[in-house]
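Please read the structure below before turning to the comments.
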Amino acid sequence: MANAKELKQVLSGPIVSNNPIALQVLGVCSALAVTSKMETALVMTIALTAVCACSNLFISMLRNHIPSSVRIIVQMTIIASLVIVVDQVLQAYAYDVAKQLSVFVGLIITNCIVMGRAEAYAMKTPPMMSFMDGIGNGLGYGAILLSVGFVRELFGNGSLFGVEILSKISDGGWYQPNGLLLLPPSAFFLIGTLIWIIRTVKPEQVEAKG
């Protein structure tokens, strides 16, 4: 049984020292697409965290009963089932956001973070540790999404969560929104800048030269 210290390390590690986007550079595609607004970034974070945590839990519970030859198929079946549930919940209770997220909720099925944690961690680790690892990786993914979404929505549209923060010139204010920040390529450069800042502050995260 895992103790509290181990659980804390498993939960906080992916957020601080082993971030799936900043260190491992996984899950970047969806990060480029859903970060033009804080609302979509937050919902995507919750969706991926729920799927990653629950898939880790169920796969870990079944790990001793899954034949090695079909383990990837079983993992994808479990992940796909959870994604369908999440997608249906979003369409029922947050339809407008679900429309904005479009296919990217469905693409959680093939998200590198979810698949990677299922194969590399949940298949070898007890259920509670696997569940916390899923939450940690989801929150680590979300930390980058929300950071990028904050910059893109605030300076690209002058608002946060749809609430005007910077009064726009078109409405008689002073701020001229930077429309470039609302385009997907801007997220690529922002994520790159974040990774550069993190690796400057933490040199140990820089890959060793071969």
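Quick reminder: no glycine exception, Cβ is built from N, Cα and C everywhere.
Here Swiss-Prot flags 14-34 (among others) as transmembrane segment.
Per Swiss-Prot, the feature transmembrane segment maps to 42-62 (among others); the stated evidence is sequence analysis.
Listed by sequence, the residues of this chain that lie at least six past the ends of the transmembrane segment (72-92) yet keep a Cβ under 8 A from its Cβ atoms are 43, 47, 50-51, 54-55, 58-59, 62, 66, 98, 101, 105-106, 108-109, 114-115, 118-119, 123. According to Swiss-Prot, the transmembrane segment annotation covers 72-92 (among others).
The annotation transmembrane segment is assigned in Swiss-Prot to 103-123 (among others) on the grounds of sequence analysis. Counting residues 6+ beyond its ends, the transmembrane segment (103-123) has Cβ neighbours under 8 Å at 20, 24, 26-27, 29-30, 33-34, 44, 47-48, 51-52, 55-57, 59-60, 63, 66, 71-72, 75-76, 78-80, 83, 86-87, 90, 130, 133-134, 137-138, 141 in the same chain.
What Swiss-Prot records for 131-151 (among others) is transmembrane segment, and it gives sequence analysis as the kind of evidence. Long-range contacts of the transmembrane segment (131-151) within its own chain (CB-CB distance under 8 A, at least 6 residues past either end) are made by residues 7, 10-15, 18-22, 27, 31, 34-38, 40-42, 44-46, 48-57, 60, 113, 117, 121-122, 125, 160, 181, 187, 190-191, 194.
The transmembrane segment annotation in Swiss-Prot covers 178-198 (among others) and is backed by sequence analysis.
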Residues from the same chain, set at least six apart from the ends of the transmembrane segment (42-62), whose C-beta lies under 8 A from its own:
27, 30, 34, 74-75, 78-79, 82-83, 86, 90, 94, 97, 101, 104-105, 108, 111, 113-114, 117-118, 121-123, 125-127, 129-135, 137-139, 141-142, 145-146, 149
